[in-house]
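Chemist: Handing you a structure now.
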Amino acid sequence: MPKFAANLSMLFTDVPFLDRFKAAADAGFTSVEYLFPYEYPAPLLAEKLRENGLKQVLFNTAPGNIAAGEWGVSALPDRIEDARRDIDNALEYALALNCPSVLVMGGVVPPGEDRDAYQQTFIDNLRYAADKFAPHGINIMIEALSAKVKPNYLFASQYQALELANLIDRPNIYIQVDFFHAQIVDGNLTQIIHDLDGRIGHIQIASVPARHEPDEGEINYPFIFAELDRVNYSGWIGCEYNPRGKTEDGLGWAEPWLEKKH
């Protein structure tokens with residue numbers, strides 16, 4: 001049975017971030033994810049989780065300088081010290097939040113740059129991250145991003161992610177499959193589920209092409225959820241989509257799995 005996590009970076013955005021924990025719990029979610037925790041002290045976030053009975057299941061390493069076009073620094077050859085400092089900081093947050101998985105962001109490869117150098121830097125930094133997190137039982141995620149959302153990101157295909165995971169070669173490295181990106185880049189989602197079986201550590205969902213609730217568009221999510229059950233996927237599924245309107249009004253698709261408070 002699927003386990004859904006509310007993505008607090010994209011859902012319940014009609015209230016301030018710290019109020020979204022209660023909004024998610026009131027809507028029936030028992031777990032949450034979001035992009036970046038670093039604006040807030042970890043103890044404050046941990047208290048928000050506790051007081052709302054929520055589990056933190058995922059967050060990302062820091063994105064770098066977004067205004068300058070960065071989206072992660074772990075693949076940037078001239079930012080190795082920054083990348084490892086971000087990884088160390090993420091570990092502190094993961095421990096404080098009792099979070100089982102962290103997504104290490106790669107980075108954008110500017111046109112004309114040596115992609116192989118960026119890839120090797122990413123591999124080296126991911127080995128560093130995996131080795132730092134492993135003693136604590138925390139998994140590291142890597143995620144492919146489509147050019148529609150992030151042009152020139154280090155890798156766009158789920159099969160590139162699989163190749164990188166194999167090259168990194170650490171037991172706590174897993175692939176985070178966002179079906180929004182996977183459908184745009186690869187398609188054939190059922191085959192991806194089977195080809196990556198055992199290597200998928202986290203999943204995210206949204207409709208394609210609009211990136212709204214997963215009850216519209218070209219992906220048959222009830223079929224996808226059933227297929228994930230068939231391969232005994234036991235991880236979380238993050239709801240990383242832009243609601244058509246008020247988040248609560250668009251959760252009808254998830255009612256069979258949510259634990260609404262009355």
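Cβ atoms are placed via backbone N, Cα and C, with glycine included.
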Chemist: In Swiss-Prot, the residues E143, D178, Q204 are said to bind Mg(2+). Which of E113, E163, E227, E240 is said to bind at that same site?
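Modeler: Swiss-Prot lists E143, D178, Q204 binding Mg(2+), and from E113, E163, E227, E240 it also lists E240.
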Chemist: Including all protein chains displayed, how many Cβ atoms other than that of D178 (Mg(2+) binding site) lie within 10 Å of its Cβ?
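Modeler: Summing over all protein chains shown, D178 (Mg(2+) binding site) has 21 other Cβ atoms within 10 Å.
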Chemist: Whole-number answer please: how many Å between the C-alpha atoms of D178 (Mg(2+) binding site) and E143 (active site, proton donor/acceptor)?
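Modeler: Checking the Cα atoms of D178 (Mg(2+) binding site) and E143 (active site, proton donor/acceptor) gives a distance of 8 Å.
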Chemist: Could you name the residues, excluding E143, D178, Q204, E240, of the same chain that surround the Mg(2+) site, i.e. Cβ within 8 Å of the Cβ centre of those residues, in sequence order?
Modeler: Q176, V177, F179, F180, H181, H202, I203, I205, A206, G238
